């Protein structure tokens, strides 16, 4: 009987036809897109209605408080009585989202949409029928939530995604995509809500209704059964699905089904390590309820409108999007296919611990933030804890987590098959307790004027989650002697020592620079090591000392001075913050920069981070195309900018950009023959960085530090202008910290800009030397004998013995960059006044300064790589580096490699994008302090500076690796042929002269 005949047989059951692997993969791919689309519609509905719901209820309460029959100005609604009532109502909304009975996934998903639709319609009814329904009647909108709320929806959605594959890595990627989509919605929805409610307060609710109706057919298309073979489908049904349906399916009594579920729960809780994990999840869910208060917290404490708070929350969600879309998938996919389950678990433990610590610090900082510019970096720190659920879900699904769970007699009571349902039950319980707890704390905090109380308590709860001890018990129960790094670096006795065991009885020579007639020596000391050496042992300093100590001390003093100036300026700014405004449009100050500019710099930071990381991501994925794209984009961007300026009759600026574009076109044409060699070196740097996951971790941490400092500098920059500018009868002049004068403003701005350059250069160069240590270990040692703790050792040397040398080299660059920045501001001022000859003169002067900057930066790159490996003072390292470049023939390789100019062009592109954003922002918001356009050149120049420096930090790991390979090849070319013959062969193929260059 063929297939068509069998299909006509009444006894034929098509569901039992075997499903091929390709069919299952295809169905899984289709299903995950349906899941993501449903997640988009439902979460977007929730996201765009939350802030308008706060404002709608606040408006009703405010009218009742003032006894007005018309709308009251929103700023007058921030009184304690109105905000306490609003906190009580919103807390009641959250409390009623409880878990209801479940009767099938499809039915429950459909039922889950009903309370959402009802709440939207009921809220609109309370708004329109003010004479018949009091504000607290809005609580009835959550009455149908017993049919299931967000926790039920998330439980079902994550359960469906988990059922689509048996592969743990693919499942983790699915979770990451879902969480990333949620993050994107979190990024967009507050801004959409703010824009929509500005048009009409009811518009977000009507949009939400449309989204929910679109979600209905998606639910019907979702697969309700697993794509995994049938024999496991019963065990994979949710633990808290309907006992009635389960009893019917298994032909058992309802009581027996309930008892079976109870056994599963008891068995799960009986597992000590799982119980501790669930306890941490419960505490985290309890503490995370404070995020529901953020919109009202910002509006009340900082006197912002809800619309402005929505835009700020969208800016905060950029960090969430960045983490969940790029960083987490990178770490999930670069662990290596050969990584053991224990190594993956230990990595998840480290990442989860980092997320919890970030949540502790972030919540504490939010609670202590008394002004808005303190809140912004606090929100960024808090956002670093967002990926926690990804790592804890992966841990909960690990076989090691269930190794000690008692086996059940029946498959249906196996708790591991119900892991996601158990977790969602725990998280639901945390939300049910956390929502009213945080609402009560907020209510009483308003009464006592202690607005940060909910976040301080949240910080303590997160701390309890960190201190629960389940990490140590988990690792102990799995008999781990060390973390993932230890597993990676521990020697494998079966591999043997490629250099011979007896070589550890003598020093290994790697052809370093001459010292007193003898070569620099590397390698482990005699007869001490039966395992791989540590970094400090492999690259041993003969006489360790703190080089260029005076420069390090001077750097610290400058940092202290920067903090002092910042403190005085911000204090003066805060004392008159009403004058400078709390948002984009509400400042009447003409004395200088104000809150409008702070918000601008927040947008600039977001653009700089996203563009910079996207730039590095393209470099990692498409090394060859990356070089072409960089060159073409810079040319196109320069031409478009020039045409735009000429079109706006901004002739001096248009001519300058035309000159730059012509130079880029000429330079790019001359680069084309050198692209193959450059692409090979970039691919090598990317491959090594992927092998050492800490390389990109160091880059990410350095990028976050650079961004945080840029935010701090931006606020200080604005505060100095606002506090010390003598224009317009500035009230900040009498706020303490000295009087106002143009000379004082100029002097302080020059100082903080110089300090900002120096600090950002130190961050970049510490990163550079750390990465150089990693690449030096890769170059000098065979892949099977790499030293241990390379990243930690290189970072420790950079921050101790070599920190003074790094400070000195960075000081030179900071001075040159300050001169170039002053020249740029002068040129833009002349262009704004239409003085074309003066602007061209400053352009020529800027070119000479840029050439000087290039020369110093060029020397520093190789000098710092040399310092990372040899530990010499800066002046001695610079001399040896110059000698190396001229006498060892490495200058040919340096000239052949385009990556330095390419990365510079990329950083310039990011700087231009930030400057363009600043220019358009000032043009369209038209702040009062810039009514005549006098501040436009200054703000544009500093926006360019922020974008340029942040991108330079992000690209440092790739450029540092290539620089280190060149330095190492200059001193010991034989090691490349010995340890990396494939690389040497490729270099000879794309650039035959390399044989002459490195053997000169």
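Along the chain as shown, residues are numbered 1 onward.
Glycine residues also receive a Cβ, built from the backbone N, Cα and C atoms like all the rest.
Owing to the predicted nature of the structure, the values given are computational and were not obtained by experimental measurement.
Over in TrEMBL, the protein carries these features:
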type     : residues : note
TRANSMEM : 109-129  : transmembrane segment
TRANSMEM : 174-199  : transmembrane segment
TRANSMEM : 309-333  : transmembrane segment
TRANSMEM : 379-398  : transmembrane segment
TRANSMEM : 419-443  : transmembrane segment
TRANSMEM : 455-473  : transmembrane segment
REGION   : 487-523  : region 'Disordered'
COMPBIAS : 496-523  : compositional bias 'Low complexity'
TRANSMEM : 549-570  : transmembrane segment
TRANSMEM : 653-672  : transmembrane segment
TRANSMEM : 735-758  : transmembrane segment
TRANSMEM : 831-852  : transmembrane segment
TRANSMEM : 898-922  : transmembrane segment
TRANSMEM : 942-971  : transmembrane segment
| message | I'm a bit unsure how to read this: which one of 549-570, 653-672, 735-758, 898-922, 942-971 has the highest number of Cβ pairs shorter than 8 Å with the transmembrane segment (831-852)? | response | 653-672
| message | Applying the under-8 angstroms CB criterion, which one of 379-398, 549-570, 653-672, 735-758, 942-971 scores highest with the transmembrane segment (898-922)? | response | 942-971
| message | Quick test of the contact rule: Cβ under 8 Å, at least six residues beyond the ends. What residues does that give for the transmembrane segment (942-971)? | response | 510-513, 600-601, 604-605, 607-609, 611-613, 615-616, 619, 681-682, 684-686, 688-689, 695-696, 698-699, 702-703, 706-707, 710, 713-714, 717, 753, 756-757, 760, 763-764, 767-769, 771-772, 774-776, 779-780, 821, 824, 861-862, 865-866, 868-869, 881, 884-885, 888-890, 893-894, 897, 899-900, 903, 906-908, 910-915, 917-918, 998
| note | Residues outside the transmembrane segment (735-758) whose C-beta sits under 8 Å from one of its C-beta atoms, at least 6 past its ends, are 555, 558-559, 561-562, 565-566, 568-569, 571-572, 575-576, 592, 709-710, 713, 716-717, 720-721, 723-726, 807, 810-811, 813-815, 817-818, 821-822, 942, 945, 949
